[in-house]
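Here's what Swiss-Prot has on this protein:
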ZN_FING   114-138  zinc finger
BINDING   CYS114, CYS117, CYS135, CYS138  Zn(2+) binding site
Amino acid sequence: MEKEKNKKTSSLNVLSIAGLQPYQKKIDEEYMNKDQILHFYKILETWKTQLQDEINHTLLYIQDNATNFPDPIDRATQEEEFSLDLRNRDRSRKLIKKIEITLKKIKEKDFGYCNSCSVEIGIRRLEARPTADLCIDCKTLAEIREKQMTG
């Protein structure tokens, strides 16, 4: 499979693809002002477009390379490769839904605040994970609880 297709999408990669630098907060700047909202809107839209392109590329790749190999081992290898591609496609599709939810939060002026405690999530955390809906403290607590539940 092509190397380009196997690249992992990261928020830093999305920043560079969007042609953006990390946001430089100004002194006494209000949290989630117009500039910050625009910054994250561009990041999310670019990320969504990139994921949609990858999904389309996966479908085209599978359609173009679907061959009925006479050798069962070759056929099994191809099926496993396609299975991995489809699993990645499904993961991307779920991430697109999270991005769309986050874009909706931006439109509703509810972006950047923790769903649990309503505190500011923070610019750097949102740049690292633009779809974050919990502040670092609430996320840490949730992970500790999850770890305790699973043992």
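Glycine too: its Cβ is placed from the backbone N, Cα and C atoms.
Note that this is a predicted model, so its numbers are computed, not measured.
Cβ atoms within 8 Å of the centroid of the Cβ atoms of CYS114, CYS117, CYS135, CYS138 (the Zn(2+) site) belong to the same-chain residues ASN115, SER116, SER118, VAL119, ILE121, LEU134, ILE136, ASP137, LYS139, site residues excluded. When Cβ atoms from all protein chains are considered, those within 10 Å of CYS114 (Zn(2+) binding site) total 18, not counting its own.
Around CYS138 (Zn(2+) binding site), taking its Cβ as the centre, 16 other Cβ atoms fall within 10 Å, counting all chains. In the three-state DSSP reading, CYS138 (Zn(2+) binding site) counts as helix. Neighbour counts of Cβ atoms within 10 Å were compared across the binding-site residues CYS117, CYS135; the minimum falls on CYS117.
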